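The feature active site, proton acceptor is assigned by TrEMBL to Glu327, His328. The NAD(+) binding site feature in TrEMBL is assigned to Tyr129, Gln191, Asn214. Look at TrEMBL and you will find Ser237, Gln259, His262, His328, Asp361, Glu415, His420 tagged as substrate binding site. Taken from TrEMBL, the feature Zn(2+) binding site applies to Gln259, His262, Asp361, His420.
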Amino acid sequence: MRIVELTDESKNNILENLLKRSPNSYGKFESAVAEILLNIKTRGDEALFEYTKNFDKADINADNIVVTEAEIEEAYSLVDPELIDVIRKAIVNIRSFHEKQKQYSWFDSKPDGTILGQKVTALARVGVYVPGGKAAYPSSVLMNVLPAKVAGVDQIIMCTPPDKEGKVYPTTLVAAKEAGVDVIYKAGGAQAVAAMAYGTKSIPKVDKICGPGNIYVALAKKAVFGYVSIDSVAGPSEILVIADETANPRYVAADLLSQAEHDEMASAILVTTSEDLAHKVSAEVDKFVAELSRKEIIQKSLDNYGYILVAKDIDEAVDVANEIASEHMEIVTKNPFDVMTKVKNAGAIFLGEYSSEPLGDYFAGPNHVLPTNGTAKFFSPLSVDDFIKKSSIISYSRNALEAIHTDIEKFATAEHLTAHANSIKVRFEN
Ligand code: NAD
């Protein structure tokens, strides 16, 4: 793995290179996605079934698009019972973490009869996209569905592409059933996103679409934003490890590779204050890569976006980490909590050598849907907040309004909105 001395120039080159991974740089797919969206909007199910035939090679129609109870039962018979137990344990942790995020309505009253407040309402219907092209992602099902459940969403539907026999990954179905999905549709790609955004005869329109997917899914979500809400436009996975001379190089190398294996666009970066650690981690990475099953993907991802940066001190290491604003950050230093207090931008922060990133992917409880591509500067992890909305509550008594009615009339008149002023004035005509 390449080792680079941290300077202004190397930092700027790396930041520029990392930005190439943004889904916003994939304009060439946009016209294909726009055509799919338009077709679904105008021709509904007919176009949906055609795309499923073209892209997934499956014969799906109005009679078999919904996954049946029998198919879910079959899925349970195909999944390792020990994995089902693990899924159930993960659900307990994810639920209890998200329960703490719940927000409640509140009302404040004053002696003059004024009541102000905020009413919290869960979204009515949410659509979760679960990728199905190249691999199964039961953990994505849990991380997207459970916060919506905790928020109190009335109906949660799920879309996932079928294989050419019209089947869905059994682990995806088991995770969906365990998490409490209401209806599962066999539909994938941009066409599934469009169906959930606009509604077709088979798939109902939702209020919000969440969940990861390939570039077609990501660009489709971006394009339907406004018709519906979306979680985010997810880019490729990222890890940034801040480590000093006390870190175990083998652990650090293993953790970097855990993200590099996602895909060739994933990024794995170590920022260390120790040149000795830099060389040791690089050597450990080489040893691991030779043994791991996804070695080709890992090697490409490291060649494209893997770096070991040597910083002069921990403050410089934290500064560059804040600029990169990584999806996942690990801090493996003498005093990780002290370093954490200086971190401003990161999706999830893992502290100490026993908090390796995959713990957060599957099990600890916090959500694994995190801001990527530097968006941790302004976005947060997926949470219960994503599945609620707030309405402001305003109730004045006659006395309370009388005390300030001329103030409002003055403001409205200054904006030349005489009807506004009048709607207050009529109440005090006599
Ligand atoms: P997918 O379900 O996202 O995509 C499959 C669909 O893509 C197909 O159903 C088809 O409709 C569509 N498609 C394929 N080729 C097309 C073409 N030429 N034109 C138009 N549409 C086409 O599954 P995938 O492809 O395996 O991708 C999953 C992605 O999700 C991966 O990039 C993976 O890394 C990512 N992922 C991210 C997270 C996360 O948390 N960030 C989690 C899981 C998966």
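Glycine is no exception: its Cβ is also placed from the backbone N, Cα and C atoms.
Note that TrEMBL annotation is computational and uncurated.
Sequence features, as recorded in TrEMBL, placed on the structure.
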residue : record                       : DSSP (3 states)
Tyr129  : NAD(+) binding site          : strand
Gln191  : NAD(+) binding site          : helix
Asn214  : NAD(+) binding site          : coil
Ser237  : substrate binding site       : coil
His262  : substrate binding site       : coil
Glu327  : active site, proton acceptor : coil
Asp361  : substrate binding site       : helix
Glu415  : substrate binding site       : coil
His420  : substrate binding site       : helix
For the binding-site residues Gln191, Asn214, Ser237, Gln259, work out the Cβ neighbour count at 10 Å and name the residue with the minimum.
Asn214
Residues Ser237, Gln259, His262, His328, Asp361, Glu415, His420 binding substrate per the record - widest CA separation, whole Å:
57
Identify which of the binding-site residues His262, His420 has its Cβ surrounded by the largest number of other Cβ atoms within 10 Å, counting every protein chain shown.
His262
Which Cβ among the recorded positions (Glu327, Asp361, Glu415) has the fewest C-beta neighbours inside 10 Å?
Glu415
Count of other CB atoms lying within 10 Å of the CB belonging to Tyr129 (NAD(+) binding site):
28
Out of the recorded positions I have (Tyr129, Asn214, His262, Glu327, Asp361, Glu415), which ones have their Cβ sitting under 6 Å from ligand 1?
Asn214, His262
For the recorded NAD(+) site, enumerate neighbouring residues of the same chain (Cβ within 8 Å of the Cβ centroid of Tyr129, Gln191, Asn214, site residues themselves excluded), in sequence order.
Pro131, Cys159, Pro161, Gly188, Gly189, Ala190, Ala192, Val193, Gly213, Tyr216, Val217, Ala220
